[in-house]
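TrEMBL annotations:
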DOMAIN    14-242  domain 'Nmd3 N-terminal'
DOMAIN    245-292  domain '60S ribosomal export protein NMD3 SH3'
DOMAIN    309-408  domain '60S ribosomal export protein NMD3 OB-fold'
REGION    484-571  region 'Disordered'
COMPBIAS  540-550  compositional bias 'Basic and acidic residues'
Amino acid sequence: MEIVAATPVHRVLCADCGTPIEPNSANLCIACLRNSVDITEGIPKQSTVSFCRNCDRFFSPPQTWTIAQLESRELLAICLKKLKGLNKVRLIDAGFIWTEPHSKRIKVKLTIQKEVFTSTVLQQIFQVEYLVQHTQCPDCAKLAAKNTWKALVQVRQKVPHKRTFLFLEQLILKHGAQKDTISVKEVKDGLDFFYAQRSHAIKMVEFLAGVVPVRSKSSEQLLSTDTHTNTANYKFTYSVEIIPICKDDLVCLPLKQARALSNVSPLTICARVGNALHLLDPATLQSVDVSATVYWRAPFDSLASVTDLVEFTVLDIEPSGPTRGKWVLADAQVAMSGAFRSAGGIEDSMEFDEGTVDQIYHTRTHLGGILQPGDTVLGYHLSRANFNSDDFAALLTDRIPDVVLVKKAYPNRRKKNKTRNWRLRSMAKEVEEGAVAGDPTARGVVGRMGGRDQRKVEEDYELFLRDLEEDTEMRAAVNLYKAQNPGMNAGSGLAGGKTRRKAKGQHSMDVDEAQTHGGQPEAGTQNSDMVAGEEDVHEEADFPDIKLDELLENFDEMTLGEGEGEEADHE
């Protein structure tokens, strides 16, 4: 076996330290080469990054603000852009070194290579420390200043209540239509939405036209102009008016318009409001949809609203056959609630209430599928009503029913004043100028504008909560959340109000939680008497309870406004 001798390696001494090394162009060992040549020269070891605390964005040169999480690829790219001289070397690797999140320091470890002499490449690892500077981006600076909006959407409805805007608020929150809004201000008969860009305002107008019947018009105001560059600065205003007819309102159509709408009966009730009015004739179950275009061509008002509803007791009901969806046509006999009273404790003896003439009313209703004898139902008492309407006066007297039933009521359940196991979100708003300063009811949810009747506000909100409980279609259009503390949530009486609690953090949210205050007994025997009375009352078996599977778990706290701690406004 022949042994091949290894090729001899010629070595030379390092010019600085005398260590034997393989020959290179510098005749220096690696240690001496690093001591004599620094390839990181010209690359700063300390730098700064700008961070906006309002919108949680980092400044990415030259003019971009980017949302980036700590130790993310986006933040690493921003940090590398801040380093000058990095283009003169070859970047091999880059990564974060862990630091405390509250330290306002970001450390990045870099590995670079550079050719220092002919055919001599040196690799070096070093770290750069970034100081996080809290500043304000231009967008947030505009938001902080007043009157910096570019577009305004004015939403109005000429009705004496706020239930439409309470429902509209929930639709906006569910679809995230408020994300581009600078601020929301409550004014008389509506809300004002402010935007930094015109496109955002147009998007909101289109959203409103898709969920409620509206008409809109726009205007613009010239702020400044530059004749040299032929550019101008405008402010845009969009006026959106919602049709002044709400759910469960009694409507009398003009005869000409009723004939045009499939010859429907002029006397109808508003069963539902979407992007069009859904009118229903309770005597025939005939329904028509009135679009916003058709309505504004010949506007009409409602005869009566839900505040004019009267309680009736169902004496007898007999379905007559026709059905349409959930509606069942039936002939009903009703009497006013409490119309008959026992006289002197003698059984089967009855007397009329003072001022009453006809105690039993025969009518035809669309609620045959849910009404039973003994139930309580709400309706309009037309035989004792006086309407200032030419269209209603033009109707034949024999074609006008004495009573128009609208919806079933649950008085026994309401008397028990049970708390609700769900809650709603709410947008933070400013109030109209001239509101009472320092008034805790003058900010927060819709209807909290200073100067309005507080009891009327509570009644509007309670009626809105009842509509959500009793109408599954309406409830499906909004987001309901599980209450963390059910004992502190909404009662069932009209006196039960709501408490506005602000969550902590920049992106805070107002939480509507109702208290069962107002009208409660103060002490002792009164309270015990009320409890005893409630135990004797049997609540309705078909009360539409909200199931837990309809409630959302995670309570998203991303809405308008800035939280300034946790507070509660008790009415």
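Keep in mind that glycine also has a Cβ here, set from the backbone N, Cα and C atoms.
Because TrEMBL annotations are produced automatically, they should be read as predictions rather than curated entries.
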For the domain '60S ribosomal export protein NMD3 SH3' (245-292), residues assigned helix / strand / coil by DSSP: 7 helix, 20 strand, 21 coil
The domain '60S ribosomal export protein NMD3 OB-fold' (309-408): DSSP-derived helix, strand, coil residue counts: 10 helix, 50 strand, 40 coil
Overall pLDDT for the domain '60S ribosomal export protein NMD3 OB-fold' (309-408), taken as the rounded mean: 81
